[in-house]
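A.B. asks: One structure, pasted below without further comment.
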Amino acid sequence: MHMMRNQRIRRRRLGGRAFMVMSSGIRSISLCLQQLLVVAPSSFLFGVFYPYNRGALLTALVVIYALTSGIAGYTAASFYCQLEGTNWVRNLLLTGSLLCGPLFVTFCFLNTVAVAYKVTAALPFGTIVVIFLIWALFSTPLLVLGGIAGKDSKAEFQAPCRTTKCPRDIPPLPWYRKTLHQMAMAGLLPFSAIYIEIYYLFASVWGHRIYTTYVILFIVFIILLIITAFITVALTYFQLAAEDHGWWWRSFLCGGSTGLFMYAYCFYFYSAQSDMSGLMQTSFFFGYMACICYGFFLMLGAIGFCASLFFVCHIYRSIKCE
């Protein structure tokens, strides 16, 4: 690792795309934390978000999502400009559409299916207009303001060492050090830590049970973040020890791989634990769960990348060239 010291922080390999997805992941983290820390406890303290009133919880989710747009804009623009990016406006627009774009496409398809079946799951036109106004009047301006604040911030990226102009060739790696195998190892342990809680959540969202143990859910969520960070840092260390300096995207993919395990669990739950059938129920289940697992992929990927970046900067600042 010492002889490859000048290969670790290679800015041009990252570009704006990694910080675009990382900022969306940080937005998802803040969304989940605010939902757990503010909305869930208030259901017991004030009775505003009663657990049986799922509509209020979904409304709070939409509002909090709009309010966290400033966090995503600031993070994306700040880190992008720190790495000497120039087209920060394009990076900001892509950040705003990275999460809500797939959500919008999925919602349009599922709402069309619900209208075709003439069920109450279809949102009325008035509700759709309200959601659009929240996005246009709150989410987008906050995203722009956060991006401007991030661009004007005076923070500079402090690389732990100088980077050589020519990247060093990566030696041939064994099969178990490839990206897909690393993702499988990185996602299995965090998923096993939340497996039981996922069952109760699925039974509540897609069944008739009511979930009220938000304190346990918060603890499990924190455990998930900690395990993801430690697993990704460990895999990044092994990758650097093998003289592979392409850890930027690898750390994000390994951290977010738990979301893929969650979506794979959806197939087991649908076939073995639920009574759902038919086109509408199937499309609703796999469509909305794809959006949720995609959000977890971005969130945990951001955790893995930030933890690996902190780890790499810390260890190479501590190394003294002989």
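Using the three backbone atoms N, Cα and C, a Cβ is placed for every residue, glycine included.
What TrEMBL records for this protein is below:
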type     : residues : note
TRANSMEM : 57-80    : transmembrane segment
TRANSMEM : 92-117   : transmembrane segment
TRANSMEM : 123-145  : transmembrane segment
TRANSMEM : 183-202  : transmembrane segment
TRANSMEM : 214-235  : transmembrane segment
TRANSMEM : 247-270  : transmembrane segment
TRANSMEM : 285-312  : transmembrane segment
A.B. asks: Going through 123-145, 183-202, 214-235, 247-270, 285-312 one by one, which has the most CB pairs that fall under 8 Å from the transmembrane segment (92-117)?
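C.D. replies: Looking only at 123-145, 183-202, 214-235, 247-270, 285-312, the most contacts with the transmembrane segment (92-117) come from 285-312.
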A.B. asks: Are the transmembrane segment (285-312) and the transmembrane segment (214-235) close, by which I mean at least 3 Cβ pairs under 8 Å that are 6+ residues apart in sequence?
C.D. replies: yes
A.B. asks: Which one, 57-80, 183-202, 214-235, 247-270, has the most C-beta pairs under 8 Å toward the transmembrane segment (123-145)?
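C.D. replies: Most Cβ pairs under 8 Å with the transmembrane segment (123-145) come from 57-80.
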A.B. asks: Using Cβ atoms and a strict cutoff of less than 8 Å, what residues sit near the transmembrane segment (183-202) while being 6 or more residues removed from its termini?
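C.D. replies: Distant Cβ neighbours of the transmembrane segment (183-202) are 209, 211, 213, 216-217, 220, 223-224, 227-228, 231-232, 235, 253-255, 257-262, 265-266, 269, 273-274, 300, 304.
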